[in-house]
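Taken straight from Swiss-Prot:
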BINDING   Gly115, Ser116, His117, Gly118, Lys119, Thr120, Thr121  ATP binding site
Amino acid sequence: MSLFRSRPAKIHFVGIGGIGMSGIAEVLLNLGYAVSGSDLKESEITRRLASLGGRVQRGHAAQHVEQVDVVVTSSAVRKDNPEVVEARRRKIPIIPRAEMLAELMRLKYGVAIAGSHGKTTTTSLAAHLLAHAGLDPTAVVGGKVNTFGSNAKLGRGDYMVVEADESDGSFLHIPPTIAIVTNIDPEHLDHWKTEEALRKGFLDFVNRVPFYGRAILCIDHPTVQSLLPEVESRYVTYGESHQADYRADGIEVSGHAVRFDAFRRDEPLGRFEVRLVGRHNALNALAVVAIADEMGVPADVTREALASFGGVQRRFTVRGEAGGVTVVDDYGHHPAEVKATLLGAREAFHRRVVCLFQPHRYTRTRDLLPEFATAFNDADVLLLTDIYAAGEEPIPGATSEALAEAIRACGHRDVSLVPRPELARAARQRVRPGDIVLTLGAGDITAAGPELLGLLEA
């Protein structure tokens, strides 16, 4: 595989520690390219890339791009970043992350999973399935897949499984042979501006599927179903609906596992089990059953693959137990994800749930405040902390205080505001033996779980 014919390329990633950027960087490193990058902080991800031969520097500086051939950025990188400014001055090509991902995908049959929620889990399941089936895929995922030990995998096979990011429209760079859409909810409206523009973006993504490919669409979701009259590519649907081409029935949630019967139209494919928490994961697994069946993977192989899936970090990850308290961490940061994860915690444990939630981005808090206000009903106790800005400037009215007031106004009886540095100590005062503590959010809330465990063990 060669992306550059003239000479080995030196590829530089601005913000290489991001989960989406690092996966592409790792694949390129494994292909033998000279990869460098910068990030504001050191992390497990940057240390891993350095161990693979990447040149990773802390902080952003113009001299980091002096000897590179191409600069890769994500939508989180500002145009006044010193490395971007210097690359522009030197006329070094600057390309978005999705364009580099698309270049890798052009050499493979792409399996691209998109959707407002569930895409990391579904992408991980799909990559695990193809690996289990002996197809040795390349994969780039938005989370660390436990069976791979990474968020990226370089395979020798013909398939590449990727998580398609709709947040900035960059998934429209991706050329999918198989495109999956799990759901479409109002999200990332700072980029899309309107829900109709977001819907049109997903439609354009689906219609990029070539004549020999297939779109796999969740008919249970009304916005996804509304696309069907306008879809020009060949497609099949999946869901619990009796109109679905691939249907799940007899869904059973039992502890840390979900089981369901799968049908292709009226033909039974058998009963499947996946060790994931929450009823919603039946549909994520069903999407993978549909992928496998459309690719000709035998149902027995799919059944074995789903049963052996080891999960994804920060997707209902049990961080530990101390003092009779179990601490679980999850990336959920959209109201629909919050609801599903809290319900999953209740179904899995049947115990009191204490939720530590960190809102992510001012724009999301502002745009989805009414939805957030009713998302925490399955939390017995809610400790709400400061908004994680993710590079955004504050917005008047988009505050944790406003969110707490909205949640209380909708009837929640136990909501407290706690500054992030005090969160673990506040949780320590509220928990009791038998509780489930769920840390929720896409920011640094993930560190609160280990902090609490340390206090409980002291």
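Keep in mind that glycine also has a Cβ here, set from the backbone N, Cα and C atoms.
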Other C-beta atoms that fall within 10 angstroms of the C-beta of Ser116 (ATP binding site): 23
Proximal but sequence-remote residues of the same chain as Gly118 (ATP binding site) (Cβ under 8 Å, at least 6 apart): Thr182, Asn183, His280, Asn281, Leu283, Asn284
Env. residues of ATP site, Cβ within 8 Å of mean position of Gly115, Ser116, His117, Gly118, Lys119, Thr120, Thr121 Cβ: Ile113, Thr122, Thr182, Asn183, Asn284
Those residues of the chain, 6+ apart, with a Cβ under 8 Å from that of Thr121 (ATP binding site): Leu276, Asn281, Asn284, Val312, Arg315
Residue with minimal Cβ packing [other Cβ atoms within 10 Å] among the binding-site residues His117, Lys119: His117
Other C-beta atoms that fall within 10 angstroms of the C-beta of Gly115 (ATP binding site): 26
Close in space, distant in sequence - Thr120 (ATP binding site), Cβ under 8 Å, 6 or more apart: Val141, Gly142, Gly143, Glu163, Val312, Arg315, Tyr331
Per DSSP, three-state class assigned to His117 (ATP binding site): coil
